[in-house]
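Enquirer: Straight from TrEMBL, here's the annotation block:
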- 17-301: domain 'NADP-dependent oxidoreductase' (DOMAIN)
- 49: active site, proton donor (ACT_SITE)
- 78: site 'Lowers pKa of active site Tyr' (SITE)
- 111: substrate binding site (BINDING)
Ligand SMILES: NC(=O)c1ccc[n+]([C@@H]2O[C@H](COP(=O)([O-])OP(=O)(O)OC[C@H]3O[C@@H](n4cnc5c(N)ncnc54)[C@H](OP(=O)(O)O)[C@@H]3O)[C@@H](O)[C@H]2O)c1
């Protein structure tokens, strides 16, 4: 079992979970079922991943077969950008819960701090970034305060046990903390040796917000988009320094990358559809790196961000990490 992180909401969150982005809906039910069998208890989903129905089927099968009880699982989902207007939040959460076949999410996050114009699920689901499904970006007027207040209502109505944020940076977090009646339990961010974001981590620590790292393997997740700055870099798992450290502990380079994050207090949510690698990823907390090795890996930092809209599509109208 993975260790847990105590959230400021009072709940325990597994420190190692399973990421569901780009898990093909054709295999998602089996992948989730197999991951539960392998010992995963946290699943990181989202409306945008387009596979919540199938992931829910995997969960249902595991529960039906007695592998696990609902309360032993920690299911995370996220509010997509087109549902930030206050009257859109609860209905879409109810739809997402119905898709999963669940009564509550353990954690529900604002996926990105940008509000886009509403697209009805009957028009297109998941809606994606573009209003017309092709190239048009239309922003909505919802403020983060409006959206956060609607998120707080989800806790009050029992639809989410904890709420949090993703892809937020320091300025906006300081602002949100001014009005939050319920503080964000977690902050989910891109985090790997090429993007350490130490000041953001310091802020989260000081404010008692747990941090979850996504894309822990750096460029690995972005090669399939043929992202040029991902393709050009030496993959972290093939880097000689990382490989040398891994050999010292008799571990896989992937486990070293995950341990570097968990040992510094973060949660991780690696995605792998392969049985052997998903098991290896889960077993990444039963050894300790030396302080020196942690510092060596941290020194890879180059401030390289892969997961930003302007890396995906040419529509130059959305610079949310600007
Ligand atoms: N909040 C956000 O905006 C946001 C953004 C991105 C991601 N996320 C979340 O974070 C999760 C993880 O991030 P991610 O999916 O971008 O990337 P990741 O977990 O860093 O990497 C996934 C890639 O690495 C491969 N891989 C996984 N384990 C491996 C291992 N032990 N050895 C070799 N290759 C391995 C996978 O291939 P195989 O599947 O073929 O093994 C896949 O290509 C996502 O699934 C999602 O839940 C959130």
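Using the three backbone atoms N, Cα and C, a Cβ is placed for every residue, glycine included.
Give me the structural setting of these features: burial, nearby parts and distances.
Expert: For the domain 'NADP-dependent oxidoreductase' (17-301), the mean pLDDT of the prediction comes to 97.
For residue 49 (active site, proton donor), the same-chain residues that are 6 or more apart in sequence and have a Cβ closer than 8 Å to its Cβ are 20, 21, 22, 23, 126.
For residue 78 (site 'Lowers pKa of active site Tyr'), the Cβ neighbour count at a 10 Å cut-off comes to 25, with all displayed protein chains included. DSSP classifies residue 78 (site 'Lowers pKa of active site Tyr') as strand under the three-state reduction.
Mapped onto three states, the DSSP output places residue 111 (substrate binding site) in coil.
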Enquirer: Where does residue 49 (active site, proton donor) sit in the DSSP three-state scheme?
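Expert: For residue 49 (active site, proton donor) - judged by DSSP and reduced to three states - the answer is helix.
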Enquirer: In angstrom units, rounded to an integer, how far apart are the Cα atoms of residue 111 (substrate binding site) and residue 78 (site 'Lowers pKa of active site Tyr')?
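Expert: Roughly 5 Å, rounded to the nearest whole number.
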